[in-house]
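Chemist: Dumping the structure here so I can ask a few things about it.
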């Protein structure tokens, strides 16, 4: 900012200097004609005057804009120092201009210097230099004015932002105080109850509005809850909700079990006791397995399935494995491509249920004696006698 102020003051004494240069340029002895009598000189002088007026106006604008940024004390100090320098420089340039245009022998000078529309070369170039100098000063003034205006706009924008932040902060603070109904420290004497204990004073502060309204809302909610659950019975109580959730969980469990039955292998297979599963297994056994084992499981080409002797194990897992993968070397094919794991589990459960029954034409025992603690109960009344008979066989 100090540099800018120096430029402004510099423009002042440059204006004074410009006013002195033409006087020095036209200083001549009495025998010479007036330089202003030539048209080109008059044109240049008019241009100089107009540019000088423009410089004065822009300088005043620049000074007025700069006053917003510079204090009065700085202006006084700078003006005093700059005024002295200005007077000194103006005097020097005035002497130089007078010496430049003063000639001891005017007639000799006119003969040697080239004529420019009636003006000497020195006078012409001096006027043109003044015009160029004024144009340069105008550009400098315009640049500084734009710089100051831009800087002032930036400072105004920053000030507006800070003001907006302060207002928003104050508005939130006012809202918070009103929301909590806080009393200023200066008004605490009005709510002091006079109870002082160890330097702690008791104040009669009112409850915050948000707490009071929350309490009122809870009272209304309690009334609605009481009417709905204990008077109108339009919603289930906690015990009823538990029973409903348990029933829903049981339904989901059954649905899961139905879906999980298809995901069975020799490690997860279980003996099915549901009559529908055994009936389904019987239908498949009668259609597919009776050709080798007879419909009652007494055995034909295949072994007897009702006694205690088994070729490949008697557990439900062993039976499931035999049906799934088969025993090709003994003439039994794999049925995993023909039936699903659930169907094979049903067949295995039905075969397991044949243990202990009494077929019409039982085949002699084959394999080794096998006892399974998880053996299925007999399918009919004759099964109670089958274990002993099979063992004797």
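Note: Cβ is positioned from N, Cα and C throughout, glycine not excepted.
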Chemist: Identify the transmembrane segment range according to TrEMBL, selecting from 65-83, 84-102.
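Modeler: The listed stretch tagged transmembrane segment in TrEMBL is 84-102.
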Chemist: What residues elsewhere in the chain lie close to the transmembrane segment (210-227), defined as a C-beta under 8 angstroms and at least 6 residues from its ends?
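Modeler: Non-local partners: 179-180.
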